[in-house]
């Protein structure tokens, strides 16, 4: 058994009931890690001996970020589309087809290089658990290979064959849904933990969404959903009805949508993706409204080449505080424990005996600095499964 002691922690965020406030903060604390798992959390003066030691030098220590919504397997970029949008052209989601064409044309090694590069980029910024979706292949072969590559990077992989109806099926959406529910799902399921649908105007309607999620669930996959990004729609309430783990975007919500999420009592998380609103110059979700209603909220990057090309959870925390009326503590919780809830994980997003030893040391005395000092590389060191990773 190998052990590691992280001591002289000025502020330790645990996300447990044992500490101070909703973040479970401990002051002047230490953490003992044994074989990649947290074995003990307590006062610095009572810290047990260990094989190795890391001195936090009075800095803040947090659980690793849990990014529960990302798209890392793709080819090309859409910088020109971004520039055009900033010049006043509205985003309608059609640009996804540009990435589909590039992804289909790319080699496995090219897709693999992008996925690994973005994963490493996220890790340097404190993300130790990341969900990765397919959705830029939209053929049986390309969706399966996208998920196979994603599975090399993360155990949290999501089949998103229902990202958009591809051009070759534009006049036959029902036929494409049959393909997604049949051969595509069969090819993708061995590499996926989740199934997702983009339930939105111009993509998939409620009937198609229900059919795909129901079939995916029957194949043993958990369910998640993109909904209510571009406008009001049936997605949020349908997601709650079907018991999906997370409804993502939630930008345009009715009172009935909020009531449905609140009534789910945490079983369906509202995952907010402020990077998408930043990059599309769109209205931000009203996180305050959701939190005040008792909805469980997660924050994620939506890292993708079209509408949110960022892998930085700290950037999304700053946006959430500045633009979505979240407190810094609420935003940090949403990016750690909230993300874990969106993935139905209890072993990450918190620091307590038995949890995975995924954590970060900040170059700051408090978690507040993540929102207070936007754009500054505050992650001093990241540990994943108790193993120090490359420094930023």
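Glycine is treated like the rest: Cβ placed from N, Cα and C.
Remember, it's a predicted structure, so these values are computed and weren't measured experimentally.
Annotated features, as they stand in Swiss-Prot:
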BINDING   69, 71, 226, 302  Fe(3+) binding site
BINDING   69, 71, 226, 302  Zn(2+) binding site
BINDING   78, 136, 163, 229, 307  4-imidazolone-5-propanoate binding site
BINDING   136, 304, 306  N-formimidoyl-L-glutamate binding site
For residue 306 (N-formimidoyl-L-glutamate binding site): DSSP state (helix, strand, coil): coil
Based on Cβ atoms within 10 Å, give me the single least packed residue among the binding-site residues 69, 78, 163. 78
How far apart, in Å, are the two Cα atoms that lie farthest from each other among 78, 136, 163, 229, 307, the residues recorded as binding 4-imidazolone-5-propanoate? 19
For residue 306 (N-formimidoyl-L-glutamate binding site), which residues of its chain lie six or more apart in sequence with Cβ-Cβ distance below 8 Å? 78, 81, 95, 96, 98, 99
Look up residue 226 (Fe(3+) binding site) in the DSSP assignment and report helix, strand or coil. strand
Spatially, which candidate from the binding-site residues 69, 71, 226 is nearest to residue 307 (4-imidazolone-5-propanoate binding site), comparing Cα atoms? 71
With neighbours defined as other CB atoms within 10 A, the best-packed of the binding-site residues 229, 307 is 229
Euclidean distance between Cα atoms of residue 71 (Fe(3+) binding site) and residue 136 (4-imidazolone-5-propanoate binding site), Å: 9
Listed in sequence order, the residues of the same chain lying six or more positions from residue 71 (Fe(3+) binding site) whose CB sits under 8 Å from its CB are 132, 133, 135, 136, 160, 302, 303, 304, 305
I'm trying to understand the geometry here, so how far is the Cα atom of residue 226 (Fe(3+) binding site) from the Cα atom of residue 163 (4-imidazolone-5-propanoate binding site), in Å to the nearest whole number? 9
In whole Å, how far does the CA atom of residue 163 (4-imidazolone-5-propanoate binding site) lie from that of residue 69 (Fe(3+) binding site)? 13
